[in-house]
Amino acid sequence: MRGPLEDRHFSYSPAQMDPGRGPPQSSGGPGRPTIPTLRRSRRGRHRSSQGDSVHLLRAPRLPECCSGASDSLFPGMNPPRPPPQASSVCGNEGETGGTPSSLLSDGGKRNCRRRRAPPSSESRPRNRSREEGASPTALERPAPAEPLPPPEATAPAAGRSRSLSAASEHAQRAANLRPLTVRPQSRDSKRLTRGTFGWDGAVGVPGRSESGGQRRRHLPPPPPLLLLLFLSPAFLRSSAAAAPAPEPDQPFRIPEGWSSLGRAAPSERLSLTFALRQRNVERLSELVRRVSSPDSPDYGHFLSLAEVGALVSPSPQTLGSVDKWLATHGVRDCQRVRTLDFLQCSMPASTAERLLPGAQFHRYAKDARRVIRSPLPYQLDRELVDHVDFVGGLHRFPAEQKVVSRAWAMEKSPVGGQDGRSSFHLGVTPAVLRQRYNLTRADVGNFSHNSQACAQFLEQYFHQADLAEFMQLFGRTFPHHSQVDHVIGHQGSGSAGLEASLDVEYLMSTGANISTWVFSNAGRHESQEPFLQWLLLLSNTSGLPWVHSVSYGDDEDSLSQAYMKRVNTEFMKAAARGISILFASGDSGAGCRAVSGEKHVFRPSFPASSPYVTTVGGTAFRQPFLVGAEVADYISGGGFSNVFPMPDYQVAAVKRFLSTSPRLPPASYYNSTGRAYPDLAALSDNYWVVTNRVPVPWVSGTSASTPVVGGMIALINNWRLQRGLPALGFLNPALYRLQEGGNSTALYDVTHGCHLSCLDAAVQGQGFCAAPAWDPVTGWGTPNFPQLLRGLLG
């Protein structure tokens, strides 16, 4: 994965693999299990070449919901197998439990059906009644486990090990592997039960008769070699894992600088995150539209964390199915978030590979950092496909957090931009930003219930001493805080990171005097994904700051659609709560990806391309040492998503750009109907930063512009909250509505400069170019704070 401030081109060697294929099988050699040769004895029994009866380990199909406690009668590891009995499969759909009254509630209806018990292998199939006294028990919704750390904590608690439901205990005992002796069937019995093979009989293949009932199709007897293949453990494992992979389009790429250290030890502990299937996602989208649109009567009527959880939490059937599945494999060390839609579990690598067929965990290293990932795709049991969106901690490498220093970069951008006063400067500081964007000494926070936040990842830490030094050097002209009020997560004591220092110092100097939180997502465990850890914190913390600035990004084509769509839903959940999330647009311009031969396309970035975040691009001064007009920064990320369609709030603005722009790249390079970004921009070139007590000049990238805009949005919230108005929440519908009139002065329109892209002949290194009104390089332009405040207070 790449960081938001680095234009990187990796040299990949992706494995060629079939996403639908199960775990790779050995082709022979030492360690390969030997399949005994079968021969028929005079009495008709099957014996191996060693003279022993052939036994087959078979895991019985688990029931889809709890059907009694009969398994509790067998406390041993291999209890006697109880007589076959019918079971009841029950599901509860549409329950919303606790959904706020303003939302429509679904009518819940329990649907039950009878499942026929498996027939005895020594008789023809026939119905069997349930044992007397054994009645099905209702599947109960499991209680939430110990939550993740409260906002006041400076480091997350380890949490208690969570025991799964009692039904999962019974399911685990029922899943103990039992030997099954292969016996021949009589020649006159051609109908066989599923999964059984007779020496002289046909394979039972399920079908359906014309009357709707079950029937059997009969195939010719298999050859002996084919039968041996069917009886092999490898065949049974691949048959059990025949369900499609949850993330078939997730590529595995080892980023530049990482090297493989070989297989992880079977006992090595992993931390996997299970994204459970949510309910009412379409209703959540409609609710976000209502609470975020200024012309809606529900504007600003945000939901609490509990109300969001009641709306989208997984169904009881999903919770129960996942619990039983995990308990069957002995996984008990799990924690849920408060909305119940994420489950984080710790387990040995050997258990994880059994749990997720196809996965094979390896260790990778870069310098002193270590991660554990699987280079092969994973699968889920077929019964889990409708209950789990994806499993985190398998494929995605952590993002690189690097900023660029461009002391040499005097951009040769076309002359143009806004008119305005100019003054000399030696680099961007808080004073330069306040001068350019018209913030006065009075534009600081003074409301106790307002707050802002930034997120840092992968051992990127800020130091309080650096922040104090920065404010001493550059903050003397305005009231400010010199300390972060809350640190959520692990705050290391090592060297400060330039990225983390940049985020904190400019969020707190632009959003001056406002309470600030830092979410530190170090990814300390080698199998964790830091970005997922941040999402889990959002889903587990009430009373979050109103504004979040995040400098993090990856290419869309390096992520699965299942992952991106689920992350997009997490942003919808935040928007429903009134939280403004701002992401850097990236530092690779339009990006570039080779698709075949010499053919290239642009490469959009995610989460910048999400329709539910506000994306911030970058600009530079037209004259490098004069505070004045701005042009597009050539590294500013922008373009069109290949995953998310264009949202309604930006259709008119984007269509106007596409129809009036004099210079557009060939249409084959981008998806003109996708979500277009960025939404606005700010200076991203030549910042001063203090890190490890040393002032560092010439730091650049959209990770600089994003906290600047975030601080201004926090200042506007300060004014709104003081007047009894709600926070801005998801900003884009209000921002686009404000600018649609065509005569708004809330943003300086940046009309000159282009960003970089592919180097082929068709585009010659140039992507999109800035234009009047909205464009995919600088969005609507850069803030004119007094007018932006006036427009968003109305």
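Even glycines carry a Cβ here, placed using N, Cα and C.
TrEMBL entries are annotated by machine, without manual review.
These features come from TrEMBL:
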- GLU499: active site, charge relay system (ACT_SITE)
- ASP503: active site, charge relay system (ACT_SITE)
- SER703: active site, charge relay system (ACT_SITE)
- 1-10: compositional bias 'Basic and acidic residues' (COMPBIAS)
- 39-48: compositional bias 'Basic residues' (COMPBIAS)
- 123-133: compositional bias 'Basic and acidic residues' (COMPBIAS)
- 144-153: compositional bias 'Pro residues' (COMPBIAS)
- 154-168: compositional bias 'Low complexity' (COMPBIAS)
- 427-794: domain 'Peptidase S53' (DOMAIN)
- 1-218: region 'Disordered' (REGION)
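Counting only the Cα atoms, the space from GLU499 (active site, charge relay system) to SER703 (active site, charge relay system) is about 8 angstrom. ASP503 (active site, charge relay system) sits 7 Å from SER703 (active site, charge relay system), taking the Cα positions as reference.
Looking only at the domain 'Peptidase S53' (427-794), the predicted model's pLDDT averages out at 93. Classification of SER703 (active site, charge relay system) by DSSP places it within a helix. Of all Cβ atoms in the shown protein chains, 29 besides its own fall within 10 Å of the Cβ of GLU499 (active site, charge relay system). With the fewest other Cβ atoms inside 10 Å of its Cβ, the least crowded of the active-site residues ASP503, SER703 in this structure is ASP503.
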